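Visitor: Sequence annotations record features per position, and here TrEMBL assigns transmembrane segment to 13-33, 97-116, 136-163, 298-319, 326-347, 367-386, 406-427, 461-489, 545-567, 573-591, 644-664, 741-765 (among others).
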Amino acid sequence: MGSPVLPDLGTEILIPVCAIIGIGFSLFQWLLVSKVKLTPGSAASNNSGGAGKNGHGDYLIEEEEGLNDHNTVLKCAEIQNAISEGATSFLFTEYQYVGIFMVAFAILIFVFLGSVEGFSTKSQPCTYDPLKLCKPALATAGFSTIAFILGAVTSVVSGFLGMKIATYANARTTLEARKGVGKAFITAFRSGAVMGFLLAANGLLVLYIAINLFKLYYGDDWEGLFEAITGYGLGGSSMALFGRVAGGIYTKAADVGADLVGKVERNIPEDDPRNPAVIADNVGDNVGDIAGMGSDLFGSYAESSCAALVVASISSFGINHEFTPMLYPLIVSSVGIIVCLLTTLFATDFFEIKAVNEIEPALKNQLIISTVLMTIGVAIVSWIALPSSFTIFNFGTQKVVKNWQLFLCVAVGLWAGLVIGFVTEYYTSNAYSPVQDVADSCRTGAATNVIFGLALGYKSVIIPIFAIAVSIFVSFSFAAMYGIAVAALGMLSTIATGLAIDAYGPISDNAGGIAEMAGMSHRIRERTDALDAAGNTTAAIGKGFAIGSAALVSLALFGAFVSRAAISTVDVLTPKVFIGLIVGAMLPYWFSAMTMKSVGSAALKMVEEVRRQFNTIPGLMEGTAKPDYATCVKISTDASIKEMIAPGALVMLTPLIVGIFFGVETLSGVLAGSLVSGVQIAISASNTGGAWDNAKKYIEAGVSEHARSLGPKGSDPHKAAVIGDTIGDPLKDTSGPSLNILIKLMAVESLVFAPFFATHGGLLFKIF
């Protein structure tokens, strides 16, 4: 079968070096962002020394832009501090609750997995090769627990660092907007890149170190080693669930409260400093769309890597102890960091943004360039890191696979991600007819806007599902479940670029809010609005990537679970499986109902508080009195922490209850059902919400004759659009993005607990 070109020593050097380069690059980007000072009088001196690219150096700007207005700079710094303090306070409160859960669940993992063999310390026959002896289940329990804690901590740190970077950069983006849209774009994008590269590199480095440390104990028992590593994916996703749900409830409660009272009732602009919910709204962008999305995509990356490693460990790579081919998924991710680094330079250094209409193409080009370069990178990696042919475990048999076939598996996932991204953009960007049709429907009121938006969301599911289906068919035909796992990894291989684009959106949104609150000129607000509008579309693209990769990841995890639980076939015609299938298909609806009602309940309190302040604080509407921002921040914080518990419990407890009481066959049905229905609902919810949001922005911007005929702000069509946007907020930022964590998390949790369920599960069927 041949040996790979890349020696084991080369692999041991390549992976950590690429991770360290990624961390170094993110720190360098942060250093460049930090050169924008938040102190008066530094704006001009900051860039002295001649003209540079993207407006760097041309500091002789018109006085009307307020470049030398010290009060404006001080005001921006003050608002930024308020947003940063609110976000930090919320995350610390959330992490206290999540920390308690993390400890409790870690104990549960240890007890359940340790009890598989009665806490025996003796070596046992291996699951897939009874002639060999493997480490005891107690060891797997201990190392799975350690991996779970590592994944959880890495996820929390990734989300927290992303939030800190975003709140550090938002006011700096606002100040740079005074000098031109190009400089503001670069500041926002570089800040997003800091998060993207930190998360991708940290996730890779921690996983690589964990594998090598675990290997010191496991030695040649690679089956047990990589089974224990699956805890890393479980830890990452369980933290992401709480971060996504709590952050989503927080941001949408504030957003809905601010919009309904401020825009619709009081007819004041978005982010108007007179609105008491405005600080909470800006805090929410960071804790939901930055910290939550960061943890979410880290979870996807960790799970797809773990799924691929588990299947590889019982294939020829693991059986023959071939280190380099075994770590092929990590090598792909390593090359992804280098590819994304080169891609980032196209946005920040190689090309210059000079006009507003160049922003969105620049962001789209990031996706195209990274995909093309990554295809070349994967081809090289597949040639040097894999033998010419090898075998992959396929439900009890070993399937012969060529290295070029595995390359195609990764490539099909990579390009499917790009297709999903562009379809998402088509249905959510106001540059295209679907969103313009939704905006046009506002002529006859909110009801027709809602009808058109829902129809758009349902229709937007078609092409992404076909793209996912083609990926599954091609990758499974070539390399069974391992092929699906590496296809998911292919979709996530450009995660650093994807996250940079995604984080850019909320940073730009905050920048616009700060410009409004600081009383900066209309021209600056137009620039930040243009940045935000492009970011709104790219955020929808990011959600599309997350959902598509979640579908592939959960299917790969499902395959690993079925193999580990020793289920030869999943027959939907058997009652045990079918009841699981129909219950699993219901779970995303139950979960969505919980999260949407949570947003509604929190928003209700927020609306009442904002109304109370407008009615009882003299001079608030006139701008002579300051609103009580802190009370609104507290309402969002308390509501999101309280409301995240029930949806989180539903997701975390379902696999345990089904596995223990109904057994692995019923659980396999639950996983399949939740995957199939969850993906559809997630795509339609995210795109419906994104379309309503951009339909509102289309009317507000008034860039075309058609848009101007629907406006201006405060007109009846605009009010109808605001209502649609308000309904869409919990769909696109709470329920939709959280659903992809539901389908992944249930699958990885089932895989981790598979030995326990296979040994002790199905209590009810045993009794009856």
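Easy rule for this one: first residue shown is 1, then count along the chain.
Just so you know, glycine gets a Cβ as well, placed from its N, Cα and C.
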Visitor: At a Cβ cut-off of 8 Å, and with pairs 6 or more apart in sequence only, do we get at least 3 pairs between the transmembrane segment (326-347) and the transmembrane segment (136-163), yes or no?
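Guide: The answer is no, given that the two segments have fewer than 3 Cβ pairs within the 8 Å cut-off.
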Visitor: Within the same chain, where does the transmembrane segment (13-33) have neighbours whose Cβ lies under 8 angstroms from its own Cβ atoms, ignoring anything closer than 6 residues to its ends? I mean 6 or more beyond.
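Guide: Same-chain contacts beyond the flanks: 6, 165, 168-169, 172, 187, 190-191, 193-198, 200-202, 204-205, 208-209, 327, 330-331, 334-335, 337-338, 341, 344, 496.
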Visitor: What same-chain residues lie close to the transmembrane segment (644-664): Cβ under 8 Å, and 6 or more beyond its ends?
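Guide: Residues 94, 97, 101, 105, 238, 241-242, 245-246, 249, 565, 567, 576, 579-580, 583, 587, 590-591, 594-595, 598, 670-671, 738, 741-742, 745-746, 749-750, 753-754, 756-758, 760-765 contact the transmembrane segment (644-664) from elsewhere in the chain.
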Visitor: State the residues, same chain only, that lie 6 or more residues beyond the ends of the transmembrane segment (573-591) and have a CB under 8 A from a CB inside it; answer 'none' if no residue qualifies.
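Guide: Sequence-remote neighbours of the transmembrane segment (573-591) are 647, 650-651, 654, 658, 662-663, 665-678, 681-682, 735, 738-739, 742-743, 746, 765.
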Visitor: Among the recorded stretches 97-116, 367-386, 406-427, which has the greatest number of Cβ pairs closer than 8 Å to the transmembrane segment (461-489)?
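Guide: It is 406-427, which has the most Cβ pairs under 8 Å.
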Visitor: Where else in the chain does the transmembrane segment (406-427) make close Cβ contacts, counting only residues six or more beyond its ends and a cut-off under 8 Å?
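Guide: Distal contacts: 328, 332, 364, 367-368, 371, 374-375, 378-379, 382-383, 386, 434-435, 456-457, 459-460, 463-464, 467-468, 470-471, 474-475, 478-479, 482-484, 486-494, 537, 540-541, 543-545, 547-549, 552, 686-687, 690-691.
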